Amino acid sequence: MLYVRYQGHNWSFPPARTVEVGRGALADVRLDDERVSHRQVRIWHSAGAWWVADQSSRNGTWVVGAEQALDRPMSLPSEGLVLRLGSLDGPELLLSSESPRKQRGQRVLSVGRSRSSDIVVNDPLVSRRHATIAIGEQIVLRDEGSFNGTFVNGDRVHGEATLHVGDQIGLGSSSLAWNGVDIAQPPPQRPVFSARHLEVTTRAGNLLLDDVSMSAPAGTLMAIIGPVGGAKSALLAALTGLQHASRGHVMWNGRDLYAEYERMRFLVGLVPQVDILHSQLTVRRALHFAARLRLPPDTSEKELETRVDQVLAEMDLTKQKNQRIDRLSGSQRKGASIALELLTAPQLLFLDEPTSGLDPVNDKQVMGSLRSLADAGRVVLVATHSVPALNVCDRVLVLTQEGRVAFFGPPGEMLRFFAVDNYAEAFAALKHKTWASLYARSPARSAYLGRTTHGSVSLPAGDSPPPPRAAPLRQLWTLVRRNAWAVAADRLFVILLTGMPLLLALVAHAFPGRAGLSIQEASGNPYQIQQRLIVLVVGATLMGTTLAARDFVAERPIYRRERAAGLSPGAYLLSKVVVLGLLVACQCAAFVMVALLGLPGPDDALVLGNGHIEVAAAVAAVGITTTIAALVVSAATTSTKQTLPYLVALAVGQLLLCGGLFAIAGRAGLEQVSWLMPARFGYAAMAATVGLQKQTAPLLDPLFEPTAVQWLTDISFLGLQALVFLTVAAWALHRPVSGNSWK
């Protein structure tokens, strides 16, 4: 039997059948691609073998692996044959035949990273015991609970799947194939990354990209240049799959990135313009935490450290591994961000302005590193405005302000095309002519793109869904440890953490009177107690607001990249709540202890058996709830400048509506708004503990009732507020990861 595979479609033919492949209506295998001729390839069986021949097609047929044209009939090898139709990056056709096998009992092959596996896959994204393959009357592939999943022809395997001859098995960034006899590596070839007729249209109807095509074989360093604007960013988002183009295709080795994104995301590494590591950490520790988040849970500590050492060596950062990231040079910081992406061994590496802000020496070092990465067999694409960077690139894609291609090809030919002497003049020339139309008719287009189809498919534009990930508890534990290390390494922040409760406690001692929180000592004058309660509750809100104000805003580039790589937004949010919640609780405990030092506490306790502890618990509950509210503001805004007004409003609102400055109960509208303020219920819980209601006539507030039930009710309302704020923060974090939603 002959088996033919094309873009997920399978055909099988008996030896008596002659098979025609082409674009014509009478073809047995019909391919809808203008690079393919009406009669492209003929396949027939003779003398015990299948034979393949080109049908004098217009653009030729190419044998992958041999990188040569199919210019004479050839027999189909036992391991199968991969053909490219129309050009070296044209549609891929996989041919194989069923080989006779000796009758045998079923055998089961294990596939994984472990050296004890029958098929060892040396890939950091592959689990130790990743999958099994049962070979018998049927060939059955079973995923064994792998971390990153198993894929057959781009589709994720849920449980098990039956294999057919020519099926491609995806594990991490590696591939295997069933050739009819055994599981084997696909034939060696030089894969090509290409984009065809990409078009990006915003929701408002504005065109960001218009008919953009490019092609880059493995081993290529390619620059994307053009005027300042949204075209380069839109192209990077479309090429990486973070957001699908409105029209067109992005292909790697003949496979559609958009259609198979869940599997092919493992092949993509993206380094944003902003560094994506915590600057307070050392290089080694930052990469260690990143590896824990991205690599399978069964990766041992030794394997993890080995992988970190490998990427450090590849980026020439071994000597700097124990230095803090904020103390590295510009090129070394960029190298650390690249090393993070190399942890998962991507075959496609994209960088957004990697030399921005660097001096010429660091610029040259970064581009030299990228040249080495490309020479190792990767495709490296760099969006840049750096003129010197072009000298080390193999190809340059020049975009116009309107998002069209003004030139694509080698840097040297770019100068000839623009009829200038240097790259700076080429940039200037973009403003004076309609280069896109000139390029469309130039020999350079056909020389470096070949013939391209104009029948590009319309796609639903939007973000690619974040990939599913297992082990959220493992992610949570890793993130908690990373957050704790980042806080401990920030000396100024530690000083703020320890100094703020002490400073606020001094403010509490500045108020006159020595009654503390004791109604008996106040001798019927509760106003001293009210003042101290206001200081305690407002102090808790200030500490909670200050602690969380900068978190999500400062880490947004890190979060976006990690989420695109599989980070759970829920684990990320909870890690912040755990670490910041513990810190603010400790701050509040110290604050209450020092603020009441030498002063009497509440006369009685309602629930916890000790008045000091009960007040500290209420203050800590306010601090934690306010911290989560501040996280909502930080998650919903994009800069510190945007965050500040909301945080000031939050702090002032809590002071005014806590219920200590004036009566809130019974005031329609004002009372309902106060329910949004943690200070309202925190103040009420403390007022209930100290018995403020006993000494006040008329009745101040039902929330101040000095009973255990009322205290628990006040604290429960704080818990309810925390859950509501947590839900809103989670919603804000689940918004698109790319930062550009084709608005």
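Glycine is treated like the rest: Cβ placed from N, Cα and C.
Here the structure is a predicted model, which means the values were calculated and not measured.
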For this session: Select from 379-397, 417-435, 531-549 the stretch of residues annotated by TrEMBL as transmembrane segment.
Result: 531-549
Exercise. Of the stretches 531-549, 570-595, 708-733, which racks up the most C-beta pairs under 8 Å with the transmembrane segment (644-665)?
Worked result: 531-549
Exercise. Is it true that the transmembrane segment (708-733) and the transmembrane segment (531-549) have 3 or more Cβ pairs under 8 Å, skipping pairs fewer than 6 apart in sequence?
Worked result: no
Problem set entry | Selected stretch (most C-beta pairs under 8 A with the transmembrane segment (570-595)) from 492-511, 531-549, 615-637 | 615-637
